[in-house]
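Written out below as structure tokens is the structure these notes cover.
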Amino acid sequence: MVDQRIKFRHLQTFVEVARQKSVIRAAEILHVSQPAVTKTIRELEDVLGVSLLEREGRGIRISRYGEVFLRHAGATMTALRQAVDSVSQEAARAGPPVRVGALPTVSVRIMPKAMSGFLAEKTGSPVKIVTGENAVLLEQLRVGDLDLVVGRLAAPQKMAGFSFEHLYSEKVRFVVRAGHPLLSPGLSVFDHLHEYPVLMPTRQSVIGPVVEQFLIANGVPALPIRIETVSDAFGRAFLRTSDAIWIISEGVVAADVADGILAILPVETGDTSGPVGLTVRADTQPSLPLSLLMQAIREAAGELFDGRTEG
């Protein structure tokens with residue numbers, strides 16, 4: 001039986017602190033004072049008999065008890081949000097909202113066609129599609145702000161409480177503008193990599209560690225001109241006006257390469273291949289509109305790759 005001392009405000013406050021990794025930022029978002037947030041967390045810890053948060057330098061981190069509680073608190077918040085939505089939808093005769101986090105590789109390559117297929121179903125559901133780093137999107141999925149994340153499979157330690165469905169596999173590519181000097185026959189890309197600015201995924205991105213390991217394995221421990229970014233808009237614009245090299249998931253630039261605007265350098269990147277697919281919370285059942293969108297994404301991926309395993 002649920003302890004009657006645990007109120008909605010306890011769950012809401014804890015989930016927000018966990019999401020922001022900061023009592024101060026959580027207080028700002030909840031429009032309450034910092035002491036009020038601290039007091040609410042302490043009340044919750046007293047009821048549970050464990051510490052949910054721990055000091056880490058000048059900040060805080062979630063304890064192992066907090067991680068366990070967050071999974072269930074997030075599920076509770078999601079269920080409550082769905083209950084509220086269902087009443088609103090019944091009154092408005094609209095479908096439940098669908099909130100999707102899409103990594104850049106699928107935002108460009110898969111989602112446009114999938115969305116066209118979904119809209120043809122006429123569910124009446126409002127749709128929100130956001131993009132960003134995988135870690136951020138998974139955190140939003142965990143606490144119920146998103147219903148689905150579409151992108152590369154995250155590291156095992158990040159997938160606790162989630163279910164992943166593989167759609168296809170995709171490599172990382174070394175991309176440059178058309179006419180780049182390194183496209184000349186016979187040149188070794190790795191021998192000349194240090195001569196150019198290199199756009200890299202951030203270390204927090206899902207392909208960041210993959211790229212780092214690949215470079216080290218190929219004798220490139222450090223780059224003198226390194227720019228970390230997850231902005232595909234910046235990457236495209238910068239490559240068009242410079243000799244920079246962009247290390248990025250193939251799907252992000254597939255259309256640019258097909259149009260002849262960008263070109264792929266002759267680097268064998270098979271070791272960077274990784275699964276791309278659908279990630280959902282393991283403890284919730286998708287609504288009918290979400291199920292329809294997931295099927296539309298499967299069909300869009302199937303049409304694009306036609307049975308192939310490499311993107």
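Placed from the backbone N, Cα and C atoms, the Cβ positions cover glycine too.
Residues or ranges marked as DNA-binding region by Swiss-Prot: 23-42. For the DNA-binding region (23-42), the list of distant contacts is 9-10, 12-14, 16-17, 52-53, 60: same-chain residues at least six beyond its ends, Cβ to Cβ under 8 Å.
Swiss-Prot lists 6-63 with the feature domain 'HTH lysR-type', giving sequence analysis as the kind of evidence. DSSP labels the residues of the domain 'HTH lysR-type' (6-63) in these numbers: 36 helix, 8 strand, 14 coil.
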